[in-house]
């Protein structure tokens with residue numbers, strides 16, 4: 001027989017197992033599983049004979065291996081024989097007598113009533129511990145009987161509804177009825193000297209005394225300590241008034257020189273809202289600001305304000321390039337701020353000061369306080385409420401300012417075009433770039449900004465410029 005080329009075979013695998021080999025392997029697996037759950041050695045009907053086979057003494061069957069016997073024990077025949085054997089043994093077994101119960105003999109006697117009693121409440125003078133003293137009279141107690149006692153809870157008795165606040169102390173002695181005393185349900189102190197009983201055989205009196213344990217007084221409730229950094233709630237109000245705020249740890253040192261103490265900071269919450277404008281410190285006590293001294297102008301020339309230095313003679317800054325707008329409203333000169341609200345322009349007919357000469361301070365305007373910082377270098381301060389005007393030489397009517405990119409003449413040299421005469425003496429020319437206006441017309445309204453000058457390419461030509469001054473149009477591609 002060819003064992004190498006059988007169908008389904010694989011070289012080196014030993015060939016395909018036959019059906020008998022598969023059954024043998026299956027039975028061995030089942031036997032191993034049965035041995036894990038059933039101990040064959042403890043089976044009273046399992047027996048191995050001298051031939052090496054296995055027998056069932058209950059069913060008288062023969063088995064070649066352990067697996068066969070285990071399969072037999074789970075079969076119907078073996079289970080039926082087990083039930084029949086159990087019924088037979090139960091029928092033949094003798095009936096065993098039931099165990100006798102221990103019987104307690106109940107004493108039978110005629111009750112003659114309740115005994116007399118006396119209860120005394122006591123308190124320890126040193127510790128304040130409470131106690132009860134019971135005295136029970138048994139004059140007709142039976143011979144050889146000693147009174148007995150016990151504590152009973154409220155749930156053991158059947159006379160009253162159970163109440164956990166009370167307990168009962170029972171006293172019993174023949175032939176008297178059992179009596180009970182209702183006491184508070186507190187822990188009993190059974191230490192030596194705190195709980196004792198005494199039976200006097202001569203007087204036939206029974207004494208019992210016990211003490212209640214001391215109850216610790218409840219501690220005052222204390223606020224729990226919160227985590228660090230968390231403040232405790234404020235104390236309650238006393239008489240409807242909040243407690244005083246804590247005093248500061250240290251007061252600020254007194255100022256030197258005997259000056260008055262600064263005001264204390266307010267203890268209430270800080271006021272909310274935007275901060276106000278900065279205020280100047282008040283003048284020292286007893287010092288009044290000097291009154292303004294106004295001198296009359298001499299021959300149309302206004303003197304400068306006190307403390308103001310005039311510019312150096314012969315130094316004139318270049319005139320700025322200002323294009324007059326097309327409308328009839330002229331902007332102020334460069335560097336000249338429009339008047340603040342509430343400050344009116346000069347009345348008509350009042351001439352501005354000459355170049356380089358500063359106007360006097362207005363009447364009713366106080367000079368600056370000594371705490372005002374000095375002006376920046378090369379800037380001359382003016383009286384309060386009056387804005388400075390740059391010292392610019394006026395130009396004759398019809399003379400245009402230099403174009404952008406053209407350097408001004410050197411300081412001290414003032415070229416004049418031919419045919420233009422300087423103004424007569426005593427007549428003050430207007431500021432550069434500012435055209436005189438008729439009386440009753442204000443130079444600018446407070447709070448109204450001048451219009452932005454238009455570039456030369458967009459504004460219309462002025463009559464003074466003439467057709468020759470119009471810039472050429474931009475080249476086209």
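Each Cβ is built from the backbone N, Cα and C atoms, and glycine gets one as well.
If you look up Swiss-Prot, you'll see 1 marked as N-acetylmethionine.
Summarising the annotation, Swiss-Prot assigns region 'Disordered' to 1-27 (among others).
If you look up Swiss-Prot, you'll see 10 marked as N6-acetyllysine.
The annotation zinc finger is assigned in Swiss-Prot to 54-84. For the zinc finger (54-84), the number of residues in each DSSP class (helix H, G, I; strand E, B; coil) is 17 helix, 6 strand, 8 coil.
Annotation source Swiss-Prot lists phosphoserine at 153. Taking the Cβ of residue 153 (phosphoserine) as centre and 10 Å as the limit, one finds 12 other Cβ atoms among all the protein chains shown.
Per Swiss-Prot, compositional bias 'Pro residues' is recorded for 217-295 (among others).
Among the features that Swiss-Prot reports, region 'Disordered' is placed at 217-477 (among others).
The compositional bias 'Pro residues' annotation in Swiss-Prot covers 303-323 (among others).
According to Swiss-Prot, the compositional bias 'Pro residues' annotation covers 331-362 (among others).
Marked as compositional bias 'Pro residues' by Swiss-Prot: 399-441 (among others).
Positions annotated as compositional bias 'Pro residues' by Swiss-Prot: 448-477 (among others).
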In three-state DSSP terms, the structure that residue 153 (phosphoserine) belongs to: strand
